[in-house]
Amino acid sequence: MWWPMLWAFPVLLCLCSSQALGQESGACPDVKIVGLGAQDKVAVIQSCPSFPGPPGPKGEPGSPAGRGERGLQGSPGKMGPPGSKGEPGTMGPPGVKGEKGERGTASPLGQKELGDALCRRGPRSCKDLLTRGIFLTGWYTIYLPDCRPLTVLCDMDVDGGGWTVFQRRVDGSINFYRDWDSYKRGFGNLGTEFWLGNDYLHLLTANGNQELRVDLREFQGQTSFAKYSSFQVSGEQEKYKLTLGQFLEGTAGDSLTKHNNMAFSTHDQDNDTNGGKNCAALFHGAWWYHDCHQSNLNGRYLPGSHESYADGINWLSGRGHRYSYKVAEMKIRAS
């Protein structure tokens, strides 16, 4: 019984030695089958791994997993550029009408009574405003003898102030070559050039004495003036005739006295004394012309010296008939 086992022992020992030897040399031993008898045992000696075989076929996809829980909200991203403005929406329906308010209390003075009170107590001239403490040059409301309000430019700076300006030329922005009706009613721009109106001139000068001042400024900046003791304009029925007082003083000299007692003329109404010629049309203005003029302050706005004769803003005793002034103002003040 022991003999087969004793015989097998050397064989196994030999195989183990061979295996060890094969591992040292790097070769893989073969698989050996030991014992073929019925009572013999089979011993398998493991060899070295060989090269991997080819990959097997792809398996079927597995069933999808369930949806995971929602993650935490991330931080907001950078704001994009603003979009274009949308179209305006349709107008909504009107709101509910409010309740009627309480009736106001009656005024102690009616419209007529209030106007009469203002007329009685209101200023009649720029000189009147000056005596009431108004010292700034500007536009103010005064009241005519018939109680109508009138907005006028008050010069509170020149020669003691209190002057009501009725003619102003400063930049040529207003056309002064106008018809009779325009000069009757007045025209111009409150901020630049204007003619107050012959009807208003008549009302302002009809009662009480008004002195006249003419202020002139050249394009080079030199200034001059002329002053007269009185100035009055008749009504339209007398063609707005000029009644002028004595020349008092002035660096511009006297170029208006020759026009005393003359009617006003425009290009469509010739009231001068120049025979068959219309001085207003001839010299492109409107004035108290005789045959024709020594002054023409409503003439064309020309840039200083000019070649044309006597059709600019001229004052003969100042710069002559061929020089047109940059600025001309005519103003009256109660004396």
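Placed from the backbone N, Cα and C atoms, the Cβ positions cover glycine too.
For CYS147, the partner cysteine in a disulfide bond according to Swiss-Prot, taken from CYS28, CYS48, CYS119, is CYS119. For CYS292, the disulfide partner named by Swiss-Prot from the candidate list CYS154, CYS279 is CYS279. Check Swiss-Prot against the ranges 26-35, 306-315, 326-335 and you find region 'P domain' recorded for 326-335. The cysteine that Swiss-Prot pairs with CYS154 in a disulfide, picked from CYS48, CYS126, is CYS126. A separation of roughly 32 Å, to the nearest angstrom, links the Cα atoms of CYS154 (disulfide bond) and ASP270 (Ca(2+) binding site). Of the listed disulfide-bonded residues, namely CYS126, CYS279, CYS292, the sparsest Cβ surroundings within 10 Å are found at CYS292. Long-range contacts of the region 'A domain' (123-162) within the same chain, counting only residues at least 6 positions beyond its ends with a Cβ under 8 Å from a Cβ of the stretch, are 115-116, 168, 190, 194, 196, 200, 203-204, 206-207, 213, 215, 227, 329, 331, 333-334.
By neighbour count, meaning other C-beta atoms within 10 Å, the densest spot among the disulfide-bonded residues CYS119, CYS147, CYS154 is CYS154.
Away from its own ends, the compositional bias 'Low complexity' (75-88) comes close to no residue of its chain (no Cβ-Cβ distance under 8 Å at least six residues beyond either end).
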